[in-house]
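Q: Pasting a structure below so you can have a look.
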Amino acid sequence: MSASFTTATGADVRVRFCPSPTGTPHVGLIRTALFNWAYARHTGGKLIFRIEDTDAARDSEESYAQIIDALRWLRLDWDEGVEVGGPNGPYRQSQRSDVYAGIIEQLKDRGLLYESYVTGEEMEARNVANGRDPKQGYDNFERELTAEQRAAFKAEGRQPALRLRVPDRDLSFDDLVRGPITFPQGSFSDFVVVRPNGIPLYTFVNPVDDALMGITHVLRGEDILSSTPRQIALYEALVEIGVATFIPRFGHLPYVMGEGNKKLSKRDPESNLFHHRANGFIPEGLVNYLALLGWSLTNDRDVFSLDEMVAAFDVVDVNPNPARFDHKKAESINGDHIRLLEADDFATRLVPYLTDYIADPPTPEQQEVLTAAAPLVQERMQLLGEAPGMLGFLFTSDDELQYDDDALKTLGETSGDVLRASLAALGGLGDWTRESIEAALRVALIDGLGLKPRVAFGPLRVAVSGRRVSPPLFESMEILGRESSIARLEKLAARS
RNA sequence: GGCCCCAUCGUAUAGCGGCCUAGUACGCUGCCCUCUCACGGCGGUAACACCGGUUCGAAUCCGGUUGGGGUCACCA
């Protein structure tokens, strides 16, 4: 590649995110969006959001809506593109056919694109006839077809595909995350950019749109690394006809892998961004974890905000090795972010996960309980999806409260005595507060019955929550109220 | 198979020639705190794939080997 093309830097940075709307958003895709976004924000540049919907058979509006949903949920905004518009629209490739048609004509007139009539079967036969591997691929043999030959094919009713004449030399570029990469001449042959029906392929529209939109840095998945020299060849052609004035820099981000050594597949639920949202990831936590897949803030801290990421992010610091998605680590990071939330904010975010128990929005009574109980569980949660298990008992009537089997198993010989002694101690209690409840129970059970705390309070926990583990007992009883607490102790005492 | 990429504890990473008897986090684990579970605190476990070079000195640079991954479509 010529060294004479200039590339923009600093505030002139223009990066893009250009997914195909097929299927539900993948964590790898979103990680790519995040890095592009962070780079734009860090440099004061622009993020362009374009949709590559040139495959009518696989693209869907539902998928498009999901990608928008995902970006907005994670608070990744864009400066130009679908939904927001901009000077380089339209931003959906399905609406840009006219743009492509003009460029195809110019390229063809210059001889940079040429007609190719050979079919796949014919090419295989040709390779066999020439003693080559049948799968060897195209050998550029139609570069110099004469007008007569072309006319003959057309007379047969054949329509040509258009191939790009690739330069007969090595193609190199300096990858932002991997350094210099060279593809030797002959690594690939002239490739099809326009189908016989006139519809251009991804290999064409992607670089063309990048050029037209002034993209300076192409940050994308590693899977496209090997087609980068092809794109550079196209770019050189675009420069020749004046459509592009420079070749962008490329940076290939590492894969996001699943268990073992396989790329996180679309079938794998871990790959589905919304699966994580449904489980109770908060955007702060998920985006933080995604950032850690190939990048780090400092050597001794991995919990940080988007703002902190923006201040520090640079593509050149991205690690080239593939990263495994570790849900344990992801959940731990999420738990840290949950703990960072303001109490009211946290309580509000719990609501959608508690719809089996409360209304959305909650009734005033439910809101009161939720506000009181949220701080008790904020430091014990990694995922908001744990809320029903931890708090459900507070929104269940005394009659309907169920006991978990493993909770009942912890009940022993003394459980009945503990419950009866507790009822006696609590019966005449004046104030119903965490402190008064605890004081009365300690006197009755620890001092009175001589029990160890964990033995004494276990049965009460089961009676109140129906579970073996629960939020702190005395606080739970205070929130539940005197009447309900006593009813629950009596209910369990009756069966002990 | 051709071409390309990658290679530090189980995982994610720090390290960009001496600060490294390799740091941090998750995980696992011991102890403390403690009404359960968590949170928090203090410990422990565990890695430079291999072989050659370059250098006074290499996890760091170079070459090779091995291993992994990707890509070779008229899909994107």
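The first residue you see is number 1, and the count goes up from there.
Note: Cβ is positioned from N, Cα and C throughout, glycine not excepted.
From TrEMBL, here are the annotated features:
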type	residues	note
BINDING	A:Lys266	ATP binding site
DOMAIN	A:13-329	domain 'Glutamyl/glutaminyl-tRNA synthetase class Ib catalytic'
DOMAIN	A:346-491	domain 'Aminoacyl-tRNA synthetase class I anticodon-binding'
MOTIF	A:19-29	motif ''HIGH' region'
MOTIF	A:263-267	motif ''KMSKS' region'
Q: Of the residues in the domain 'Aminoacyl-tRNA synthetase class I anticodon-binding' (A:346-491), how many are helix, strand and coil by DSSP?
A: 98 helix, 0 strand, 48 coil
Q: Under the DSSP assignment, what numbers of helix, strand and coil residues are found in the motif ''HIGH' region' (A:19-29)?
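A: Final tally across the stretch: 3 helix, 1 strand, 7 coil.
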Q: In sequence order, which same-chain residues at least six apart have a C-beta under 8 angstroms from A:Lys266 (ATP binding site)?
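A: Sequence-distant Cβ neighbours: A:Gly23, A:His26.
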Q: With DSSP, how much of the motif ''KMSKS' region' (A:263-267) is helix, how much strand and how much coil, in residues?
A: 0 helix, 1 strand, 4 coil
